[in-house]
């Protein structure tokens with residue numbers, strides 16, 4: 001029977017298809033891959049954990065019954081995510097290895113394995129908001145260390161910075177499979193540094209990051225205020241740059257606006273090309289949704305894609321999340337995808353966004369916390385009871401909105417952008433130095449966001 005599994009599965013699919021809507025069949029069933037037959041258990045591969053959970057909860061019985069009709073036998077169904085199975089086996093092997101030898105930070109299995117296979121240049125949707133960043137990324141991928149070094153990408157959350165970084169890594173590896181490409185978040189870099197210090201393996205750590213061809217570091221802003229991490233990254237940067245190796249960095253803001261970042265790092269980040277990514281316009285948002293639906297092999301009416309794109313303007317992650325939510329809702333209710341269904345599926349999402357997060361709201365919440373008048377934020381008063389809450393409000397405006405420094409300055413009585421930058425840097429330092437201040441500002445931020 002093992003040899004006949006493809007034919008058996010084909011017949012099973014033909015029995016299942018009439019029982020479901022086209023959307024449900026395409027979304028959940030079509031992506032299933034027959035892996036093997038182990039006794040009376042059919043092993044079926046699925047693309048991700050979310051799909052696995054849905055299939056287990058809603059469709060396992062349907063599939064089992066269809067298999068019984070096809071083969072006249074009872075089968076247990078087990079869904080697996082093949083990529084996760086491989087990872088768990090690798091981790092198990094690594095644990096066994098670590099049990100018999102000293103743990104080493106260095107590895108020939110470079111972090112290129114961490115590159116998301118979906119994040120390539122082919123799947124990146126180009127629009128006016130990201131055209132220059134895309135062109136710069138492609139130039140770097142085509143000629144590592146010759147075009148722009150470093151390449152510094154910045155922009156808000158979920159706008160495509162990580163996608164472009166992964167795409168660069170994939171492109172380089174495709175053209176040179178032997179290239180040593182490391183993709184790492186700044187948090188991971190910090191954690192690995194801490195572990196290397198704890199276990200006295202600094203040499204291995206440095207070898208890992210300084211003997212490579214391409215280093216991609218995501219969310220570099222999180223090393224701000226971490227002296228040891230900045231020190232190590234400074235020397236790593238120098239070693240790679242002097243060896244003519246490519247460095248790509250991403251952040252949520254340009255180098256000059258990252259608080260408590262050492263000047264020597266700031267200047268090095270500015271050696272190459274700095275390019276930003278802005279929120280996508282309506283046409284680009286529709287194109288992104290169309291591309292996502294195409295990749296997932298889902299048929300979604302154009303009017304629904306337009307409806308989503310008009311409602312969600314913030315970032316790509318939320319756009320794609322809304323599309324997945326609508327498809328899941330359609331499948332779970334066994335209904336066709338329409339604008340009405342989309343509105344119903346997303347009503348909770350939209351209602352939670354009803355309270356507009358803007359500077360007026362930030363001023364209102366901060367003013368209530370510090371017993372001050374709203375107009376005091378725009379006044380010239382410099383007493384600490386006024387100036388410090390004003391700095392907190394400026395800090396939160398920078399952290400919680402996408403407004404530029406000059407625009408924030410305008411909202412606070414026409415102040416210069418350097419005043420906003422100073423306020424942000426001061427509060428950032430206070431947060432690092434004083435846990436009470438950190439907790440208080442976190443509480444204010446949660447209240448502003450409605451958490």
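Backbone N, Cα and C atoms are what each Cβ position is placed from, and that goes for glycine too.
Positions annotated as region 'Domain I, interacts with DnaA modulators' by Swiss-Prot: 1-73. Annotation source Swiss-Prot lists region 'Domain II' at 73-113. Positions annotated as region 'Domain III, AAA+ region' by Swiss-Prot: 114-330. Per Swiss-Prot, the feature ATP binding site maps to 158, 160, 161, 162. Annotation source Swiss-Prot lists region 'Domain IV, binds dsDNA' at 331-451, citing sequence analysis.
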For the region 'Domain IV, binds dsDNA' (331-451), mean pLDDT (0 to 100): 87
Near-site residues: ATP, ref 158, 160, 161, 162, CB cutoff 8 A to centroid: 155, 157, 159, 163, 164, 250, 277, 315, 316, 317
Binding-site residues (158, 160), the one with most neighbouring Cβ atoms at 10 Å: 160
Residue 158 (ATP binding site): secondary structure state under DSSP, collapsed to three categories: coil
Residues that sit under 8 angstroms from residue 161 (ATP binding site) by C-beta distance, when 6+ apart in the chain: 133, 153, 154, 155, 218, 250, 277
Spatial neighbours, same chain, of residue 162 (ATP binding site) - Cβ under 8 Å, 6+ residues apart: 119, 218, 250
Secondary structure content of the region 'Domain I, interacts with DnaA modulators' (1-73), with strand meaning DSSP E or B: 49 helix, 11 strand, 13 coil
Per-state residue totals over the region 'Domain IV, binds dsDNA' (331-451) - DSSP helix, strand, coil: 88 helix, 0 strand, 33 coil
